[in-house]
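S.K.: Per TrEMBL, the feature domain 'Orotidine 5'-phosphate decarboxylase' maps to 5-223. The substrate binding site annotation in TrEMBL covers 11, 33, 60-69, 117, 178, 187, 207-208. Taken from TrEMBL, the feature active site, for OMPdecase activity covers 60, 62, 65. What TrEMBL lists as active site, proton donor is 62.
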Ligand SMILES: O=c1ccn([C@@H]2O[C@H](COP(=O)(O)O)[C@@H](O)[C@H]2O)c(=O)[nH]1
């Protein structure tokens, strides 16, 4: 059995709703992502419960604070036994190094968000970030790699160029995944699952196209099939 490449984003308002979805899925078919909403309502207890049920958990809290605070938060997250966790690359070099020191290589995978997939050029201009998304993502990904982290979150649109310029084994994790017929919701830098994989993504984070589907397991199976063909 190949390792699952799809990480299902459990963006729910209660542990009960998240567990209801998780019981319809299968750790052989996907990993699960616990983000800010679910962690705020359900906390470490739910993360541990999902882990006990056999799922690899990506704890997506995007820590972004002063280095000392982020290091302590990262240590606490790694102690939960998660498979993957993240910080925000815009926290800068010292923060990334502090996070790496707190979560040594070979424990939880530690990755950094580059630019949110909900942001396009206009949004970057609004916050005064100079350059095109692809250039900024590449710069932040190189910084992340130089600080010794295990990978980045980026859009599948940037993956080809990152693959050429970053080390083999550096994880590229891509949210903003949509089929042609799907609603984009609040996502702006999007790609289909097959494009993401062809471009070289390691993992695809997919939320609403699975969690809001009439039959989430069927949706997951079809998405898995679309990336293995
Ligand atoms: O740049 C980013 C970083 C994280 N996310 C998270 O991924 C999922 C995507 O959910 P969809 O329902 O498939 O849009 C969500 O949990 C985000 O917090 C992201 O979208 N972009």
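A Cβ is built for glycine as well, from the same backbone N, Cα and C atoms used for every other residue.
From a predicted model like this one, the values you see are computed outputs, not experimental measurements.
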S.K.: Can you work out the mean pLDDT of the predicted model over the domain 'Orotidine 5'-phosphate decarboxylase' (5-223)?
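M.R.: Result for the domain 'Orotidine 5'-phosphate decarboxylase' (5-223): average pLDDT 98.
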S.K.: Closest of the active-site residues to residue 207 (substrate binding site), Cα to Cα, picking from 60, 62, 65?
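M.R.: Smallest Cα separation from residue 207 (substrate binding site) among 60, 62, 65: 60.
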S.K.: Using a 6 Å cut-off on Cβ distance, which of the recorded positions 61, 62, 64, 65, 67, 117 come close to any atom of ligand 1?
M.R.: 117
S.K.: Per DSSP, residue 67 (substrate binding site) is which: helix, strand or coil?
M.R.: helix
S.K.: Give me the long-range Cβ neighbours of residue 62 (active site, for OMPdecase activity): same chain, 6+ apart, Cβ under 8 Å, in sequence order.
M.R.: 36, 86, 87, 88, 113
S.K.: Across all protein chains in the structure, which of the recorded positions 11, 65 has the highest Cβ count within 10 Å?
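M.R.: The residue with the densest Cβ neighbourhood is 11.
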S.K.: Please give me the CB contact count at 10 A for residue 207 (substrate binding site), counting all chains in the structure.
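M.R.: If we count other Cβ atoms within 10 Å of residue 207 (substrate binding site), we arrive at 19.
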